[in-house]
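Have a look at the structure below before the remarks.
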Amino acid sequence: MNVQASGARTTGGPAPGDDASEPARPLSTRGYLSGAAVLALLTVVVCYAFAGAALPAGQPLRILLGIVLPAVIVGGPLLAAYRGSSLSDQEWAAGRHVAARVAAARSRNASIASLGLTAFIAIVSLAGLLVFTNDGAVQKTFLNGEFMVKSAADIGKALLINVQIAIGAQILAMVFGLLLAVGRLLPGKGFWPVRALCIAYIDVFRGIPSVVLIYLVCFGLPLTEVPILSEGDPILYAVVALALTYSAYNAELYRAGIESINKSQTSAALSMGLSQPDVLRFVILPQMSRNIAAPMLSTFIGLQKDTALVIVVGIIDAFSQAKIYSANDFNLSAVTAVCFLFVLITIPQTRLVDYLLARSSTRKKGV
Amino acid sequence: MSTAFVELDQVTKKYGDHTVLDRVDLAVDRHEVVTLIGASGSGKSTLLRCVNGLETIQGGQISLNGDVVSGEGVDLVKLRRRVGIVFQSFNLFPHMTVLRNCTLTPVRAGVATRDQAEADARVMLERVGLKDKVGAYPDQLSGGQQQRVAIARAMLMRPQVLLLDEITSALDPELVIEVLNLVRELAADGITMMMTTHEMPFAREISSKICFLHKGSILEQGRPEEIFGAPRAPELRTFLRKIHEAGRD
Ligand SMILES: Nc1ncnc2c1ncn2[C@@H]1O[C@H](COP(=O)(O)OP(=O)(O)O)[C@@H](O)[C@H]1O
Ligand SMILES: [Mg+2]
């Protein structure tokens with residue numbers, strides 16, 4: 001917009017400071033309008049192709065859904081943009097400068113609305129075109145309702161394994177991560193070995209891919225034949241393996257959270273005669289938990305998705321179950337169903353992350 | 001042993017090679033109000049923080065009511081419960097209500113049960129004029145109100161000395177007066193205080209002794225009439241002239 005504004009000033013009327021006879025012209029509407037019109041036309045073409053692929057029968061329906069419907073949807077704002085543009089010209093000619101600027105602004109807004117709608121429709125139809133192209137090959141391979149329904153019950157049951165692993169690992173990772181973060185932040189010269197150990201752990205375990213760690217722990221520990229350590233259940237091993245990785249991530253979140261709290265808060269708390277552990281418990285941790293709730297939840301979502309990696313050690317989780325179905329059916333729809341399930345679980349959480357972020361930013365502004 | 005209530009004896013504080021307090025001697029008697037003045041960076045805040053045990057000192061000794069409270073082996077938590085401090089930036093806990101800000105330390109320190117502490121806090125908050133704000137959060141209060149809560153919070157530990165570090169510097173001019181009035185009352189009650197301030201008329205009115213710090217040393221100290229009326233050290237004269245030119249005296 002700014003570029004446009006300065007452009008309009010140099011090419012159009014006199015600069016604002018000129019106290020010249022004529023005031024600055026409204027910003028141009030032509031560029032927006034023609035862009036929106038061209039894109040709308042292209043989109044109608046794509047829609048027509050999509051309608052043809054998706055609905056092989058019935059030319060009238062194809063014209064209705066492929067041309068009339070998109071034209072009506074994007075046509076409204078486009079028409080409004082055109083009207084605003086010509087109204088602006090008329091008002092300007094009549095010397096009503098403010099009215100001309102208002103009309104021009106409306107026209108630009110309508111063009112932008114039209115562009116947004118058009119882009120949306122174009123992307124949806126392109127995706128649809130891809131699904132239905134080649135006689136619906138994509139749809140039949142990935143989105144076959146029959147195969148999805150058939151596998152749904154077993155996949156749903158297997159998903160409980162993912163849920164168990166995710167929750168177990170998250171609890172462990174939150175506790176262990178906090179210990180690591182506190183260990184890393186311990187003050188005083190005497191604690192340097194503890195700090196060094198925590199830093200080394202965090203660096204190493206953040207670097208190892210989760211899938212490798214799952215492989216090592218789940219296959220390795222039983223081989224050691226060390227009492228207790230080697231006698232666990234594979235799911236427990238998977239929980240531990242993921243907790244090892246994610247405690248390192250969480251430790252960094254905690255650390256950032258603790259460091260984000262103003263040093264003067266610690267100073268004030270200490271100066272009143274609170275003990276170090278009390279300062280941590282009553283002053284630092286409660287403030288920190290507000291700051292890190294959103295990033296912690298984001299990391300947890302990552303952990304939930306990583307539970308699908310247990311397929312490498314033969315645990316039958318949702319993905320593994322779906323893979324069995326897809327191998328038997330020579331069709332990937334069961335695996336697509338797993339995608340839907342994961343998305344279904346994670347979307348409410350990502351919405352919650354956004355909500356928490358929005359809330360903490362209004363809180364910081366002192367509302 | 002000397003008779004002063006708070007006594008600094010050749011106190012030296014360094015950050016690395018940088019000497020911030022250089023062999024400072026200072027004695028504060030019970031019920032006295034001592035004000036530290038001096039340019040920014042002269043070491044006023046550091047001196048107060050040393051008395052509270054927030055900073056360790058590299059030389060000399062600090063004693064409080066006859067007990068040595070500096071050096072190795074001092075129970076800092078206990079010391080800090082005897083020495084209240086209020087900062088320029090209030091530093092209330094933003095996630096706690098005013099009441100909880102005031103009761104946290106007394107309860108955790110075991111000087112009062114929760115009920116007692118709350119009753120005490122309500123009395124103190126009424127005294128500082130914030131009876132109706134007990135349930136509010138700090139960000140719902142004005143700066144002046146927050147600072148009064150901070151003073152109440154410090155007073156509720158019944159400290160033997162109260163340290164006030166530029167407590168009005170972060171306040172809008174119209175809010176300064178309410179905080180200064182409160183300090184006046186505390187002084188009238190006989191609370192022993194050490195403070196730093198830029199409010200020279202106030203320092204003059206309330207202090208029994210003024211100390212001029214310059215680059216970490218006390219260059220001159222005396223009664224307010226002496227310091228403001230007949231300053232001797234050239235650095236002090238320069239400082240007072242600058243304050244005068246800034247219109248703050
Ligand atoms: N944490 C610190 N580390 C290093 N230097 C510091 C620290 N705190 C204060 N100083 C230095 O100590 C000197 C005195 O600071 P301060 O006591 O805050 O002065 P005043 O309160 O008189 O303005 C300044 O030179 C300052 O830079
Ligand atoms: Mg200071």
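Using the three backbone atoms N, Cα and C, a Cβ is placed for every residue, glycine included.
What TrEMBL says about this one:
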type	residues	note
REGION	A:1-24	region 'Disordered'
TRANSMEM	A:31-51	transmembrane segment
TRANSMEM	A:63-82	transmembrane segment
TRANSMEM	A:110-132	transmembrane segment
DOMAIN	A:159-353	domain 'ABC transmembrane type-1'
TRANSMEM	A:165-186	transmembrane segment
TRANSMEM	A:198-223	transmembrane segment
TRANSMEM	A:235-254	transmembrane segment
TRANSMEM	A:330-347	transmembrane segment
Of A:63-82, A:110-132, A:165-186, A:198-223, A:235-254, whichever stretch has the most CB pairs under 8 A to the transmembrane segment (A:31-51) | A:110-132
Can you find at least 3 Cβ pairs under 8 Å between the transmembrane segment (A:110-132) and the transmembrane segment (A:165-186), where each pair is 6 or more residues apart in sequence?
-> no
Residue numbers, six or more beyond the limits of the transmembrane segment (A:165-186), whose CB comes under 8 Å of its CB atoms | 194-195, 197-199, 201-202, 235-236, 238-240, 242-243, 245-255, 258-259, 280, 296, 300, 303-304, 307, 310, 317
Beyond the flanks of the transmembrane segment (A:198-223) by at least 6 residues, Cβ under 8 Å | 180-181, 183-184, 229-232, 234, 237-238, 240-242, 244-245, 247-249, 251-252, 306, 309-310, 312-313, 315
